[in-house]
Structure formats: C-alpha cells, structure tokens
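J.: First the structure, which I've put down as structure tokens, then a few questions once you've had a look.
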C-alpha cells in the first residue's frame, strides 16, 4: 500500500510539472488562423492549469500577436545574431522586432527550409505565410503612398504575367508539336517534291483530287511492280516507327524519366500537396515536347493531347521560379498550376471553356474562386495564340473540328444510350487491361528492358496497323474522318454504299485491336497520352452503329421506328454517332462528364447535339462506375501508391487511431533541452524521417511540439558554417529567454523559431474516419496522438492512404486473368511487393527506440493506468 501511494504521489507530481511546463509555452492568442482551423477539427490536449495561464497571458497582451509572431519573438533571435551578424542592425534599429521577424518568414533567415522530395507540403504554414506577406505589403504601401500602391499593383500582376506567359508558350509549343508530328507521320509514306519540309496537307494544298507533288517512296525509287511497291512502303513504315520510338524512349530513359507517360495522375498528386522534384522541370519539359512528337509519329496507339497538361504545368512551374513570392510558397504555386492546366486542354482540343472545367473537375485539389478567372484567362491566351499561328492553315484550332447542318430525332436516343453502355464497358476494360499490364511490367523482367520493349511494341504495332486503313492512320486523322459528314466527298470509303458492309466490319474490329494496342502502349517509357486513342475507339464504335442504323433505314424506311424521318431527306448522320461514341468512351476512361460535353460542344459549335451527348456520357460514366469506381488516373495513383486522398470519395473505414498510429515506443523523439549539436547530427544520420516530435523528457513523453527534418538540417548546416559552435553546443527547442552562454560556457543553438508548438493532435481512440477527414480537409502532413499532453504516437498521411487502400482489398493471390475485370489490380499481389521505397510505413515514420526508452514509456503508461487516466486496454 505504501509503495502504491508513493507511485501515485510521484505520478501526480509529474503531472503537475507537465501542467507548469505547458503553461510556460502556452502564451499564444486564441484567435489565429491556424488555431481556428484546428479548433474546428481537432481537440487540443491542454490541461486546465495551462488553459488558465493561457487566458491570463491573452488578457495581458497589449498588441495583437499572431501565431507566427509568437513563434518568432525577439528573444528567439540570439543564435541568429551570431550566425548572421550583418542582420543585427536591422533587429536593433526596429521599434518592434516582431515586425522584422515576421517579415523574415518569407524573406530572411526564419524562412523554412525547402520541402524534401517525396514529402507533403504544410498547407497551413504556407497559407499563413501568404497572409503575412500581403499584410506587410499593404502596410508598407500605406506608408509609401502612390509608390506603395504601384508596388501593390506590380505584386498583383506577377501571377497574371506568369499565366499570360504560359498561355503564349502553350500556343507556340502546341503549334510546333502539331506541325512536327504531322510531318513525321507523313514522311513514313513519302515526301513532297516542292519542299521536303512540307507535310502532305501543305504539299497538296491547292489540289482536290490527285496530288502530283506528293511522291511515295516506291515512286521515288521508280519501283514498277505493285507488290514490291507495297512491300517497300510496308518496310519503310515499320522502319520509321521503330526509329522514332527508339529515339523517343532513349531520350526519356537517358535524360528525363519523368517525361514518360501522360503525367496527369502525377499532377493530381502534386496538386494535393505532394512534392515531386524535377517532374515539372525544364529538362522534363524539353524531352516531353520532343518525345511526344516522335511517339505519335511512330504509330504507337498514343495521343499528344493529354500530355499538353503536363507541358503547361512545366511551363508554369519554370516561370514561377522568376518570382520569390511564388517560388517560396507551394500553395500559391499550386493555384497557378491549376490555372495553367486549363491551357493544356485549351490547345489540345481548341476548347478554352473545357480547359477551365478540366482544371476544376479533374486535376485541382484546392480550387479557390479566383482560380476560375485565372484559368479562363490562361486558357483564352493559349487559344488566341494558337489561332494566331494557325498551324493547320484552315482557321481551326484542331483538325477534327466539324460542323453539322442536320438535326436528330427522338428515336435516335435509344441508339445513343446503347453507344453509352458499350463505351462504358469497353472503357473500363481498357483501363483495367492497361493497369494490369503496367503492374505486370513492374513485377517482371520487362522493367529492366524498357527501351527494348518500346521497340518491340512499336514494331508489332506498325506491322499490324499497316494492314488496316483505320489503324494505319494516326488517331487525329482517324477521328477527323469518322466525325466527317457524308456530303459528296468520300472519306476513306466511309460513304460508299457498296462497301458499307466491309467498312462496318472493319470499324467493329478496329476498337478491339485499338484497345489492345492502347493498353500496351500506355505504360511504355515514352511520352504518351490516351485521350485521342480512347476517342478513336469510341468514334469507331459509334460510326459503326450509325452506319448500321443508316442501312436499316434505307432498307426499311416504313418501319414505325423511323416514322419521324422525312422522305427524300437524309435522316441518319453516322458522324454524329461517332461524336457521341468518342465522348462516351473518353468519359468512361477518365470519369469526366461536364468537361467532355463542353469539349464536344466546342468542337461542333452546335447546341442541338448537347442533349444526346449529355445522355450518352451520363450512361457511360454510370456503367463505368458500376464496374469500377476509379478512372484511369486514379488507377495509376493507386498503382504507384501516391499519397492522394480524393475529395470526391466517401471513405468508410473501420478502426481507431490506436490501431493506425506508430507508437511512441517505436519513434525517435527529441528532448526539449539538453540535446547537443552532435546528437542532432547523429539523429539525422540514423533516421530518415520527415520530422521529430519534441518532448519535455523521454521519461515523461510530455509533448512540446514538432520540428521537421529539413529545418533541423538547415540549422545544423548554419551552425557548422558559422564556426562558432562545437559538437557539444546545446540545442534549445522550448522554454523562455535562453541565454547566449550556458552555465558551462557552451553556446546555445536556438531551434525554437522553427518548432511547431501547436501541432494538430487527437485524443487516443479517435475514430479513424475523423482522422482521415482531417487529413483530407485540412491538408495536414501528420497528427500526433496524445493523452492529456502525453505523446502516444503519430499518424502520417501515408498511413491513412495505406489504410484506405488496404481496407478496399479483400484478399491476395497470384495474378490471373480475373484481374482484368477487377477494379483494384494491385490486390493480386502482396502489398509488400509494391515498388515504392518512399511510401513504406517505416520509411514514413517510426523505428524502434532503445530498450531503455521502451521501458521508460512502459513505466509511464503504467503510472497513467494507476491514476485511472487510462484503461488497461489502452495502448
């Protein structure tokens, strides 16, 4: 009994010390932006004694000190004066050091270190920093008068100048890519006598029937026998395909691996706050532009339209580096990236409004109202620039723009809905097959032979495609021909009644082969887009159904089904069916709805066809969602285990924070006082975590705050470069008014300005759905699990993402053909095989501490249980 009483008394004393400690660090105001966000979504563990001290300090404050001002008060500047003596005059000359220090948050030594690669940004910090920047700029403008107003105007114009530059750049780049790719496509079949640099369209510009200036390679070599001429064209076609694809994959694998693929899935992840350095860099931009022209010209079942979004974001990211205001704020940079992505769709489809909707519907994670206007401005600038250069010399922004002068009848809705159903099934199958092959490629030996795989696929694709006129043509030409209305000039035999049966059969076979070729090509190490191949597949299905309906009407015009048709007037327009099929297929693969409808409307300039397109797209998406809720981009995100939480999906998870968190016994923590510089260096060497909790002592685990790894690394480097500190210099992470010299004469390095003393915390046992919603709505990187101020564990965003994906899987097994029909292809491989060293739980946070530290944590928990604070079932 006496021992139990002593243990209880000791625990009460430790709790009292904890309360006193919290009261020392709790003198910050309640009405701050960060605090208001936290109070609405998380429960801060502040003891009653600390809360009373907090209220007393708040009443005694004579000035409005914000969250960032508190963290950077003048007494925290002692080591900075030693490291940067040139700034000491600025501090002492100011009437209030707080104003200067707050300004340094975005322009001086107190600015945080750059985010590490494959890490998550701090939305709360960057938003608050932006507000401080604007407040400081307005205050300075009031003091300077007219010159201050001019400075405000120039500062506000930076974002608009960047978006204007992005729009002009995208118009120019789209022109160059379109002209270059079309010339490379035509060069596989022949060349122009009047100018080798001309493609077939410009070479035969003034010719209606036979073009004498365009010479095939057989004619160039004066081949007399038709079968030898055909064989020569066949071999040249294959050789050029292998050459173009080989050069493209060499450039990608050798200089810019991030240029491979479409890039939209990665952009969605970046928009959500993830850092992927070099993905939007200059080298990636250059290789992407050159590689996509070569990839499209090689004949692979790819398109350049989807890659335009990645190119636009690359341009925007490069331009933001010119201004420090945007270079040092990741949240503002993502606002501009959202607007820039609209320019990519604008030049890809000649649809500025659809570009704005694409940014809102597909890629943006954080889309404030002002971004809508910026997106429209950027998309319009890109479209105007493309119109100015006029790459197709016909006034059209894209070559497949069409105009219909016929209407549609009510009975055709049934066929449009049928097209939507078929497209929904085919689109889902294409996504599943593409992701299945990507997964298999990563698990097999093919990942070691990326270049060879591209060459083999290009050779096989060229060998098969040349045998069919619908596969031989590039996707842009195919879609343009299928959209065209039969008005006298035949397009690839599509309007011939005599060959209609064979054309329908070819159009029905084409989608099957196109789906296979697109699924294989999407995961290759070349720049690749899947918008146009998907539209080509849907247009083929729609045109075939339209031609079948047209044949039925011509043979049975008296059927009641066709009673609305007028005699001697064309009733069925197969081109409209192709248009509906292209929209439905694109919607089923990408899960976009409004964007697709607006794209098709801007391509046809006809409001009359909006209704059938809307109905077909709605049916297609509904069918696709019933088969699998994730689209192509979401599938890639899940495949590569990117830390992305969708804002549209409703998560229903089971469990609590105790089951998900990395326990304190497995964490590396920092003592608030007593740590030396050498211990900080050893900590960085031993652990690669993104940050470390700060506790009063490792015996009590009383939570003080949190500091990121990058900030520790930055301060350690500054201390080493200053030559004023030794390995035994003490590091201070909390407390009041640290002296420049300790009692033993060792200088103190002050880490307090970089410590987050108000980390978002949750009470142990919190429902996991609440935790997931905090990560999704607040954009936080981590939450700490506590019990009355005692640190129990940590949960990171990657832990939440992993839990969401693991609970969506039923079981594991060997990869089978059944995986093609499964929504989650990765469920057929054990999760431990996931090829991502950055996203493992242990790589995210948590490692086992020493046995002594574990014992101390165990003793602390036993004390809490003895006081009745924690139950015996608690962790």
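Our numbering is plain: 1 for the first residue shown, then up by one each step along the chain.
Cβ coordinates come from backbone N, Cα and C, glycine included.
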J.: Given the ranges 186-210, 336-360, 536-560, which one is assigned the annotation transmembrane segment in TrEMBL?
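T.: Among 186-210, 336-360, 536-560, the range TrEMBL annotates as transmembrane segment is 336-360.
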J.: How about the transmembrane segment (280-301) and the transmembrane segment (372-389): at least 3 CB pairs under 8 Å, pairs 6 or more apart in sequence, or not?
T.: no
J.: Do the transmembrane segment (504-526) and the transmembrane segment (336-360) come close, with at least three CB pairs under 8 A (pairs 6 or more apart in sequence)?
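T.: Counting Cβ pairs under 8 Å (6 or more apart in sequence), the transmembrane segment (504-526) does not reach the transmembrane segment (336-360), since there are fewer than 3.
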J.: How many helix, strand and coil residues does the domain 'CBS' (661-722) contain under DSSP?
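T.: Reading the DSSP string over the domain 'CBS' (661-722) gives 27 helix, 18 strand, 17 coil.
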J.: Go ahead and report the DSSP secondary structure tallies for the domain 'CBS' (751-812): helix first, then strand, then coil.
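T.: Tallied per class, the domain 'CBS' (751-812) gives 25 helix, 18 strand, 19 coil.
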